[in-house]
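J.: Here it is, the structure, as C-alpha cells.
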Amino acid sequence: MQSKQSIHGSWGSRWIFILAATGSAVGLGNIWKFPYITGENGGGAFVLVYLFCIMLVGIPIMMGEILVGRRARQSPINAVRETAAEAGLNRNWSLIGWLGVLAGYIIFSFYSVVAGWVLDYIAAMGTGQLVNIGSNEAGERFNSLLANPVQMLIWHTLFVLMVVGVVAGGVNKGLERATKIMMPALFVLLVVLLGYSVNSGGFQQGWDFLFGFNVEALTWDAVLVALGHAFFTLSLGMGAIMAYGSYMGKKDSIGATVLTIGVLDTLVALVAGLAIFPVVFANQMDPGAGPGLMFVTLPVAFGQMPGGQVFGFLFFLLVGVAAWTSAISLLEPATAWVVERFGLKRPVAALVLGAIIWLMGIASLLSFNYWAEIKLFGMGIFDLLDFTTASIMLPLSGLMIAFFSGWKLQQKITRDELALKSDLVYSAWLLVIRFVAPVAVLVIFIAKLYEKLA
Ligand code: PFF
C-alpha cells in the first residue's frame with residue numbers, strides 16, 4: 001500500500017508541501033482572528049495558552065492526520081476508510097472524514113464572506129477611499145458594507161470563483177502553481193508590513209501587549225477559544241491537511257515537516273500581531289475591538305499615518321492572499337473525494353462543489369442584514385457557524401483523529417508511516433496523542449459545558 005501514488009498527483013518537493021500546508025494554515029485565522037481574539041482576551045496570557053495548544057495538541061494531531069492521508073493516498077473520507085481497513089477496523093471510521101469535509105464546507109461558506117470583505121477593502125484602499133478616514137466614518141463604512149447583501153454577494157462570488165479556478169487546475173497545475181507564487185508574496189508582504197510597524201512609534205506597546213503576561217485575563221472561555229483556534233489555524237479536523245498529506249512524498253519526514261508548518265503558522269500569527277497592534281497603539285486606539293479590529297480600527301490607523309494608504313493596501317492584499325491559499329485547501333478534500341467517488345472531471349467537481357458553498361455562504365452574508373434577527377443560542381447564523389465549527393466540530397474531529405491514530409491503528413502502521421528518527425520521539429508522540437491531546441480537549445470541553453450549565 002505504501003508505494004501507491006495518488007491519482008490526483010503529488011507535490012514536486014518537500015518544500016512545496018510545506019509551503020502548501022502553510023498556505024492552508026496561514027489565513028484569516030492568523031491575520032484577522034488571532035489578533036482580535038488576543039485583543040479580546042487580554043493579550044500575553046492568551047498567547048501563552050495558545051502556544052501550548054499548538055505544541056501539545058495541534059502538532060501531534062497534525063502528524064496523525066498526515067500519516068493517515070499519506071498512508072492511503074486518497075481523499076480524507078476514503079483515506080480513513082482504507083487505513084481502517086488495513087488495520088482490520090470497521091470501515092465506518094470514515095465518519096471522521098465525513099465530519100471533516102462537512103466542517104470544511106461550513107467553514108468555507110462563512111470564510112468566503114469575510115474574504116469578500118477583504119477584497120472590498122483591497123479595492124477601497126487601492127482607490128484611496130479610506131485616506132484620513134475617522135473612526136465614526138470607518139465604522140459606518142464597515143456597517144454599510146454589512147448592510148449591503150448585493151455588494152457582499154459580488155465579492156463572495158468572486159472569491160469562490162478564484163478558489164474554484166485554482167482547485168480545478170489540480171494538484172500540480174493548480175495548487176502547486178498557486179503556492180509557488182502566493183507564498184513567497186505573502187512572506188515578503190509580511191516583512192514589509194512588520195518594517196512599517198516597527199517604525200510606527202507604537203512598537204514597544206504592541207510588543208508588551210502581545211507578550212506581557214497578564215494572568216487575570218485568563219478565563220476558561222479564553223482557554224477554549226485558544227484551543228479551538230489552534231485547530232482552526234492549523235487547518236486541523238477537516239481533512240485539509242490530510243488531503244495535502246496524501247500528495248506528500250513517501251520519503252519525507254512527517255515529524256520535521258509538521259514542526260516546520262506549525263512554527264511558520266505561529267510565526268505568521270505573531271508577526272501579524274506585531275504588524276497590527278503597534279499601528280493600533282500608535283494611534284491611541286483600542287486593541288479589543290473584536291472582529292472590527294481589522295476592518296474599522298486598522299483603516300483608521302493606516303489612514304492617519306504617512307504612507308498609510310500604500311501600506312494599508314499591501315496589508316489587505318496580504319490578508320487576501322492568505323485567505324485564498326487557505327480556502328483552496330477547504331475545497332480540495334471534497335473535490336478529490338467527488339473525483340474518486342463519481343469519476344467526475346476535476347473542473348466539473350470543483351465547480352459543482354463551489355456552487356453549493358456559494359449558496360451556503362449566502363445564508364451567512366444575509367445574517368448581517370435581512371436575517372439579522374434569526375438567532376439561536378443568542379447567536380446569528382454567521383456566529384453560530386463559526387462557533388459550531390471552531391469550538392465544537394474541529395475539536396471533536398481532532399479528538400477522533402487522535403483516538404484513531406493513537407489507539408486504533410497498530411503501532412506498526414503509525415511507526416512505519418511516521419518514520420521518526422528516534423524511538424524516543426515516537427514514544428513521545430504516542431504519549432501525547434493518546435493522553436495529553438485527548439485529555440486537554442476533553443477537560444476544556446467539560447469545563448465549558450459546566451460553565452454553561454452552572
Ligand atoms: N487555517 C486557516 C486560517 O487560519 O485562516 C483556516 C482554515 C483553512 C481552516 C483550511 C481549515 C482548513 F481546512
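Every residue, even glycine, has its Cβ placed from backbone N, Cα and C.
Whatever TrEMBL says is automated annotation, not expert-curated.
Among the features that TrEMBL reports, transmembrane segment is placed at 12-32, 44-68, 95-119, 153-171, 183-203, 223-244, 256-281, 310-331, 351-372, 384-404, 424-447.
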J.: As a test: from 12-32, 44-68, 223-244, 351-372, 424-447, pick the stretch that has the greatest number of Cβ pairs under 8 Å with the transmembrane segment (95-119).
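T.: It is 351-372, which has the most Cβ pairs under 8 Å.
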J.: Report the listed stretch (44-68, 183-203, 310-331) having the maximum count of Cβ pairs within less than 8 Å of the transmembrane segment (223-244).
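T.: Highest pair count goes to 44-68.
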J.: Among 44-68, 310-331, 351-372, 424-447, point out the range having the most Cβ pairs under 8 angstroms from the transmembrane segment (384-404).
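T.: Stretch with the highest Cβ contact count: 424-447.
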J.: Per the definition of 3+ C-beta pairs under 8 A with sequence separation of 6 or more, do the transmembrane segment (183-203) and the transmembrane segment (351-372) touch?
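T.: Taking Cβ pairs at least 6 residues apart, the transmembrane segment (351-372) and the transmembrane segment (183-203) are not in contact, as fewer than 3 fall under 8 Å.
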J.: Under 8 angstroms, Cβ to Cβ: which one of 12-32, 310-331, 351-372, 424-447 has the largest number of such pairs with the transmembrane segment (44-68)?
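T.: By the under-8 Å Cβ criterion, the transmembrane segment (44-68) pairs most with 424-447.
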J.: Pairs of Cβ atoms less than 8 Å apart decide it: which stretch in 310-331, 351-372, 424-447 has the most with the transmembrane segment (12-32)?
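T.: Most contacts with the transmembrane segment (12-32): 310-331.
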J.: Restricting to the same chain and to residues at least six past its boundaries, which positions have a Cβ under 8 Å from a Cβ of the transmembrane segment (424-447)?
T.: 53, 56-57, 60-61, 63-64, 220, 223-224, 227, 255, 395, 398-399, 402-403, 405-407, 411, 414-415, 418
